[in-house]
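Per TrEMBL, the features are:
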TRANSMEM  A:12-30  transmembrane segment
TRANSMEM  A:42-59  transmembrane segment
TRANSMEM  A:65-86  transmembrane segment
TRANSMEM  A:98-122  transmembrane segment
TRANSMEM  A:142-167  transmembrane segment
TRANSMEM  A:196-219  transmembrane segment
TRANSMEM  A:231-259  transmembrane segment
TRANSMEM  A:271-290  transmembrane segment
Amino acid sequence: MDIFFQQLINGLTIGSLYALVALGYTMVYGVMKLINFAHGDLVAFSAYVGLTIFSQFFGANANSIFTVITIFLFTALIVAFVGVVLERLAYKPLRTAPRLSAVVSALGASLVIQNSIMLIWGPNMKIFPSNLIPNTTWQIGGVILTFTQVIILALSAVLMVALYFFINKTKIGTAIRATAIDQDAAKLMGINVNRIIMIIFIVGSALGAVGGLFIGIYYRGLTFDMGWLYGLNAFIAAIIGGIGSIPGAMLGGLLLGLFNAMISGYISTEWADTFTFILLIIILIVRPTGILGEKIAEKV
Amino acid sequence: MIKLSKLASAVALSAIVASSSLLADTVKIGVQAPITGKYANEGQGIDQFVKLIVNEKNKQGGLLGKKIEVITCDDEAKAQKAAVCAKKLVNAGVFAVIGSYTSGATEAAQTTYYRNKVLQTSDGTSDSLIKRKFWTFFRNSFPNSAQSDFTADYFVNIKKYKKIVVLSDYSSYSEGLGDATEESIKKIGGNVIFRGKIKSGTQNFTAMLTKIKSMNPDVIYYSGYYTDGGLLRAQQKQLGIDADFVGGDSNDNPDFLKLAGSAAEGTVLINFPTPDILPYKEAKKYLKAYEDTYNMKPPSIWAVVNADGLRAIIHGVEKTKSFDTKKISDYLHTLKDFPGITGPVTFREDGERIGAKFIVYEIQKDGSYKVIE
């Protein structure tokens, strides 16, 4: 049983990371009907930004809560800004163009970001210091829980709840939902669609930045092409949950993480990715809109 | 008349060009290594070491009176890129190639060099590299089978481990070494309770490690590269798995320590002697030269064995007084105890370097290595 709970925790941890990244995909898709393939690379970029802020401004050993908060805040700010610039340069000019053009532009943007990371930080693996968050671990029965995992689970949960309220209970949130349903109608109602899209990119990129930083802190080894790995998984998570749906992305991320951990733990690590795709195919056949896909459309 | 003189000058010019290419005063040596990508620091080490030796040789007047020119091609440790590199280096007219670091990239380029009669020397340890018996190919490290026998003996007869877990990734080197180790352990009566494979670069190994935890192993052996090995070790400790962690040769890299963090302590590595404890005269000289030139130590033993490959080839050229690769190869196949940086170099008939000598190290708290066997 211990093993089961351990896999549960492993799965939820990686699942929350997928969920944070998946939110970026799903929000952009919801409003713009565009798969932002550059999102995964933005996540990788944020891990590098966080590492740079840490090593440039905080030296080697400063694991105070202040340091951690500062790093997260500044990384989120920088990445949100880059996200907005990305939208302005790569997607805005193509907003009325056929959807394929925007997708190609997204793939191009992904390559640009990936190669920029390589040019700025070099092609070699960069390593996140292990002392940013204390190495405390707890043992409950035979299950090991680390401080990092607790922070990841807790902060992701807080962010997701906050996002849920932001989307559902605020005026901007209502405007975002309205824009998601019909951009033209939203415009006629006096909603500034440009501003909404900008907010989407700010929020999505900032969440991705938190995810990227967690990936850096949790796994430590950063490679310039790591964005693809997390981007793909988060993208699958978003589709499983129902792309365009915010609760769907959260659910999809957690489910994918759990599914992957259980398959790896009980069936075979070698086949885990294959099973992920089998799950994706089954979902697409049985419920093409994803688990929570339709709900959001009905809601408004 | 003008036309005629133009023609004449053109003919003269082409004659000059042709003769100068015949009497070219340079000779080209290729480096095929992962200069960028995951194993970049190893590849750059190989490139730097080769350039160091070539510069030294050029200062002494070159090779048989010709200046040596180094052409580097980055294979990113990928098979497709390696095949492109092989074509590129052959077209550039190299007579010998040093590299590559990974067995996969070496193997992908091997046939092209063989067909074009270009000598190749690599540190790749995959057993398959020698199987095709190309006369152009020389292996400067020791094969997986030698390492696996050593590892099995250490596990079963010395440490008396009862439950052994063997992990590898999917690269031809790692999978080969993992399989060979499993086989060697079984051959001498050891007990492998789990043989797993991880996908290099996936970062999250907790699921497999949790599964391993339930088996209560005495030791986890990992036959892959340091980029994943360091993370495996960190996640093993994090999950509270008490088993020893033993890494194969490719875990021997400073980045392993950084990735594993505090978990690095107590990790055991099996490899050739590290550069700084090589007891040979050449080692002291060249390692000092390397540090003086680049302000750093070679990333690992692999840059050094590749440098030995180059030195053996240079030695072969000087002995045979020719650039005929067949002649050099014939000579190298009978080479005995050439004083290398990594010890005496002796090649077998099939290009295998013989005289395997492995050492077991334990990583200390401060990141230094302690030789334990």
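The backbone N, Cα and C atoms fix where each Cβ goes, glycine too.
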The transmembrane segment (A:42-59) in contact with the transmembrane segment (A:196-219), cutoff 8 A, at least 3 CB pairs, sep 6+: yes
Same-chain residues near the transmembrane segment (A:12-30), Cβ under 8 Å, at least 6 residues beyond its ends: 36, 39-40, 42-43, 149, 152-153, 156-157, 159-160, 163, 176, 180, 200-201, 203-205, 207-208, 210-212, 214-215, 218, 230-231, 233-235, 237-238, 241, 243-246, 248-258, 260-261, 296
The transmembrane segment (A:142-167) and the transmembrane segment (A:231-259) contact flag, 3+ Cβ pairs under 8 angstroms: yes
Criterion met for the transmembrane segment (A:196-219) and the transmembrane segment (A:65-86) (at least three Cβ pairs under 8 Å): yes
